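Have a look at the structure below, then the notes.
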């Protein structure tokens, strides 16, 4: 049976703003308090989705989350009607309201970890929503993420949904941003590579000193158990703590994979040679080669990789069998990075084409092309069981652009977050969106 990789991109929400909430993410910190343009951000994301669909890729849409997150404000003691709750929060702490108004669910690489049916002992696709324990503004996402995923992947014969891991540092989980799957055809067995930043139950191991390691080995191992993965086709690799301290807050800022190919920096992993030997051996056991494209420090520094999000790219297999790397405009603007990319596509590797997209609104908040998408490998039967209303086509692209034009602002500052009109505008937009995407009542205000 034929297999597909379906990319589900997050639609940017109407409260997209620059709050500098993500310590360890240098772009997020640098652009704190800048004016944002939610309408442009959403349209930039939609353009990428449509362009990839037009290339023949399977492309889906994940809905934004309700923000401001009034239920959490109520848990924190703010009372009255919803507009009063938001106003009180603004008076008490603009920073708290900003945190609970973040449009961070757009970065769906952190939404969940997904294991395809070919790898799972029960032959079903498994989803575990990420607890995103390391950052308060993201730790509130798991419940809505789970409900959105369940509305898209409903059929229990094909799909299994697990609760997020416990909300403690020991099980800090950042989802697919620290997870790669290598293999051949998307419908056949692969090798899953879980990347972690620290191991809580073994304090003797090296770890970062400046920035937090957001993913733990304990979390990755728990997900592998939940997803019923075979140990002989699963690898756990530690990210190099030195690059975490240089701003590589997720593995997808320093490495990306597709099928047999791993595209990564020279300093991406701790004990890199040993890790790749294990991956190579496990790939051989499923009859596949492991192709390592390693970018040396003397061609692209870690600092340049972080600044341009070279590795926060997408590698996509086209219908003709070749691979295209999708990079942000910032990669083209950096001479060293652009020179390397153009040399790479002449090297005879499977990657033979480059596509550049302007995602500046997301990039300024610290998220590139790979941050915006959740990869789901499906066979034909499973793809036919997906909610068809979320799959990108000409009609959905036009409808969502009109929806954005109708509901989104083109300028948003932090002080606008307490505007009662913004709350009501957003809720009206989300009510309409759930009908467009056929999601049902997934938002707290709809219940």
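Using N, Cα and C of the backbone, Cβ positions are placed for all residues, glycine too.
Model, not experiment: these values are computed from the prediction.
Listed features, source Swiss-Prot:
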ACT_SITE  174  active site
ACT_SITE  250  active site
ACT_SITE  371  active site, nucleophile
BINDING   19-28, 110, 137-138, 214, 252, 365  substrate binding site
Conformational class of residue 250 (active site) under the three-state DSSP mapping: coil
C-beta crowding around residue 174 (active site), within 10 angstroms: 30
DSSP three-state assignment for residue 19 (substrate binding site): coil
Candidates 19, 250, 252, 371, namely the recorded positions, that fall within 10 Å of residue 174 (active site) by Cα distance: 250
